[in-house]
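Written below as structure tokens is the structure these notes are about.
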Amino acid sequence: MKKTNFLSFGCYLPKKVLTNFDLEELVDTSDEWILRRTGIKTRYIAEEEDVCELAFRASLNCLERAMHFSQKEVDAIIVATCTANKRLPAVANMLQARLGIGRHILSFDVNAACTGFLYALSIVDAMIVSGKVSTVLLVGAEAMSTIIDWNDRNTCVLFGDGAGAVLVSAGDSGGVLYEHMACDSSLGEALLAEVGGTLKMDGRSVFEAAIKRLTLAIGEALKTTGISVEELDYFIMHQANIRIIELIGEKIGIDRSKIIVTVDRYANTSAASIPITLAYMDSHGSIRKGAKILFAAMGAGFTYGVTIFEY
């Protein structure tokens, strides 16, 4: 049975950098307040690029990093996003065209908000294990700035734009060791954006639900697999808020040195945060072969997921 392997990583961040000090000029906030409550220092904002363009540039970066690989080998394209620039066609369809892949391959979007990348990875794993595909371009891309109310200091300080891409291929070892994707729909109104509207969030409910659901889900993952916290090499959470990341890390008892944090640089990029973080780690040479990675994410819906992956 084939295993799901990560072949290469790529990312793209827009040119405009918005600092906490810039936000002090827009709303009643301060660098000290934002940093203390979120851990965020900067975020990137797309002024000219739409989500498809962000996805395209991240994909090119990813494909360029893949050794001895031709994009003609891509069997499918999946884009995780909740900020598509068109209702139709899907961003993945447009990305396929931008990449010049004229063959009739599978391409579609996944919208599970901030959990989107893990939901999409679950789909990719099922397709590779079943033998349906051999190579998939998996992208998380978001233009969160397009659904933000820039007069709402409770939300505008949290989000950023960007895209991350992972080239996933069939291999003989490693891969997904465990995954659990779910949705607690009773919290569906806690975080939402109406069509044509801006994002609304009950921050307290989201914070408490994230801590509770993910701590329990991670505990179940470790119990089911028999993998101890000490055996994990990295803990990569959706980069929403440093307090959530650190508190869950503390609750599961993982060494702080294994917790990967990029929210300070990029803010909350929704479905793009995990692949951007992977690309960041790869560019710094910090992912070793055979490493066990614990992924966890939560997002609107209220979706959440946990994946244990051997690199």
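Quick reminder: no glycine exception, Cβ is built from N, Cα and C everywhere.
Among the features that Swiss-Prot reports, active site is placed at C114, H238, N268. Marked as region 'ACP-binding' by Swiss-Prot: 239-243.
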Fewest Cβ neighbours within 10 Å, where candidates are the active-site residues H238, N268: N268
Model confidence over the region 'ACP-binding' (239-243) (mean pLDDT, whole number): 98
Secondary structure of N268 (active site) (DSSP, helix/strand/coil): strand
Secondary structure composition of the region 'ACP-binding' (239-243) [DSSP: H/G/I, E/B, coil]: 2 helix, 0 strand, 3 coil
